[in-house]
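Notes follow the structure.
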Amino acid sequence: MSNQNNQEQSLPLIRKIGYGVGDAGSNFCWTFVASFIMIYCTNTLGISAAVVGTLMMLSKVLDGITDIFMGRIIDATHSKMGKARFWYFVSSFPVAIFTFILFNVPAGFTENTKYAFIFVIYTLIGAVFYTMNNIAYSTLTALCTKNPKDRVQMGSYRYVFAGVAILFLSFCTSGLLEYFGGGQKGWRAVSLIYAIICLVLLLVPVFAVRELPEEALREASGMDQRKEEFGFFQGIALLFKNKYFLLILALYLVKYMGSGMTAGLGIYFATYQLGNASLLGTLSLAGILPSAVALPFVPLLTSRFGMSKAVMTSNIAGALGCIPVVIGGLTGNFPLVIIGMVIRAVTSAPQTGAMNAIIAETDEYSHLKFGRRMTGMIYSCSSVGIKVGTGLGTALCGFILDLGGFDGMAETQTARAVATINWSYLLAVIVPMVLAAVLFYFMKVEEENKRMKAER
């Protein structure tokens, strides 16, 4: 009976909203970096996009290691603040501070020193502090409630607040840079403002949510405490035996590599293909707001059809909806681009809202299949996918710009450079939807969990 109560008890709405606010804070770090670090390097520092892209690619190697390691640390943590909430709190401060530092490369540095500075600070953010913060934040979903509907709703609120932050960044950053004088002076002011906003918003979930007692979590899952004790390398081996962990990791990599490319190339696409940098805000609005409107209906869809089927079908529809984006981008028909982006945004809502709950199901699969609950390590797939995917997408932007012959210090760009930006942006919009639909075809974790529970 207590197990059933744990499953059915719902979090108050204010706590779900408070949890979601945290993702707005993280986007004032990670989306700001992903969207603007490349143009800061090429158009303000005057350094090579290809070299910066290579350095970011190297940085991602460390990310994959530290993410899983951090997940294991969370699993082994026993503090008064809980397993994940402690790490989320202590990492919020350096996330904000190093975001400010990244966009303030000292003017007296040589070109090679600038490269080293960007690499070190970018790696500290991505592989260390944002790793701590984001894995702990994602893990809170499984540690604050055992109610599957709560988890879907927490994912939905998280996306809504992330969307608000992304829209603010897209609409306001260019204007704020100009308002504060442009160049390094503008970046210094804007990065300071964003770092302060980042910290304030990141701290909201610390006070909004509480982890369930470890005894309650074990009772709800029927887990013997002795079975929670396992070594790091044993945990790694179990992760790679868990086919659904690998599927989710692939899904995050696909989605966020595309997001990294559209974020990194978006400002270039708006500036050089559409001829107006301010249109980036309109593109972002069309890509986010419709999804936020659709999110409240996601629990109805997932309850009716199951999470995997609902997400797979919506991704197929989204891929078809991207066709107007491609046609509009190639013909210069901006309204058609917006129509396609709206369709894509609406159809992406099920995946956005359901992913946290699907990861929790994957953790349950690990418990049922292997007798181990390893929540922190399982949830590391979201952080690995977000950071490595976004980082690789941003790095690819550097290679693409260099391949097209882009020169950030030139007054005008060649037709080849503009065409390269255009095609790369459009492909980054449609390809992830197609790949996600294929991957979700194999996502049967809900069905397998029900079968294994029935056999017990």
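Glycine too: its Cβ is placed from the backbone N, Cα and C atoms.
Sequence annotations record features per position, and here TrEMBL assigns domain 'Major facilitator superfamily (MFS) profile' to 236-456. Residues or ranges marked as transmembrane segment in TrEMBL: 46-65, 86-109, 115-136, 157-177, 189-209, 274-298, 310-330, 378-401, 421-443.
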Could you give the mean pLDDT over the domain 'Major facilitator superfamily (MFS) profile' (236-456), rounded to a whole number?
-> 86
Sequence-remote contacts (6 or more beyond its ends) of the transmembrane segment (189-209), Cβ cut-off under 8 Å?
-> 11, 14-15, 17-19, 21-22, 24-26, 28-29, 32, 85, 88-89, 92-93, 95-97, 99-100, 102-104, 133, 137, 140, 144, 165, 169, 173, 176-177, 180-181
Short question: which residues 6 or more past the ends of the transmembrane segment (115-136) have a Cβ under 8 Å from it?
-> 26, 29-30, 33, 37, 41, 47, 51-52, 55-56, 58-60, 62-63, 65-67, 70-71, 74, 84-88, 90-92, 94-95, 98-99, 101-102, 105-106, 109, 202, 376, 379-380, 382-383, 386-387, 391
